[in-house]
Ligand code: 5RP
């Protein structure tokens, strides 16, 4: 079974946990693209979606799912998104698709975060995947110097502008043993919009697709 088939398994398994007649929070990425396909199969049973990126918005709309403005909603039950890495505490690295800031915002409003991944995303310690940090463009050199002081090796993601008009620094060589602490530390650097550690808002449930099926971790 290919990695993409495992992603698809996890994504379709998430349907079981979507309450009917509610708004659904939708993340970004190739795993989420499978989830959006799955969501389209129950589109008449949901009130619509809140999206975390222009990419997901376009796919949702193309499949006839209404996309609602987050500001028009006080709360909703479930947010479904992928991850680049996830540990046993359900802390994640996200932002491989450069959508981390909007993902963190939508996740913050949701009651429950369901993370959908293939088994390759499970790690003991976060940091092998370079940590994405969204930065205001004029601050990128300053922020890079500050990230180096934290022991990382920041690399500007070439040719990428986020949906918010910012740039991404991918920080290599971090061994993230204290995700909660590092998330806060990096967010405190002036010029950082947000970083891809999702520890303050960890996942609540993980669906792990593998060749033998989908494991549910609560
Ligand atoms: C996008 C993300 C994605 O969830 C993450 O990169 C995983 O992507 P994929 O499902 O394509 O492996 O955080 O910003």
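Just so you know, glycine gets a Cβ as well, placed from its N, Cα and C.
Among 59, 121, 128, only 121 appears in TrEMBL as part of the substrate site alongside 28, 29, 30, 31, 81, 82, 83, 84, 94, 95, 96, 97. Taking all protein chains in view, 21 other C-beta atoms sit within 10 angstroms of the C-beta of residue 96 (substrate binding site). Each of the binding-site residues 28, 30 was ranked by the number of other C-beta atoms within 10 Å, and first place falls to 28.
Within 8 Å of the centroid defined by the CB atoms of 28, 29, 30, 31, 81, 82, 83, 84, 94, 95, 96, 97, 121, the record's substrate site, lie the Cβ atoms of 27, 32, 99, excluding the listed residues themselves.
Cα to Cα, residue 81 (substrate binding site) and residue 103 (active site, proton acceptor) are separated by 8 Å.
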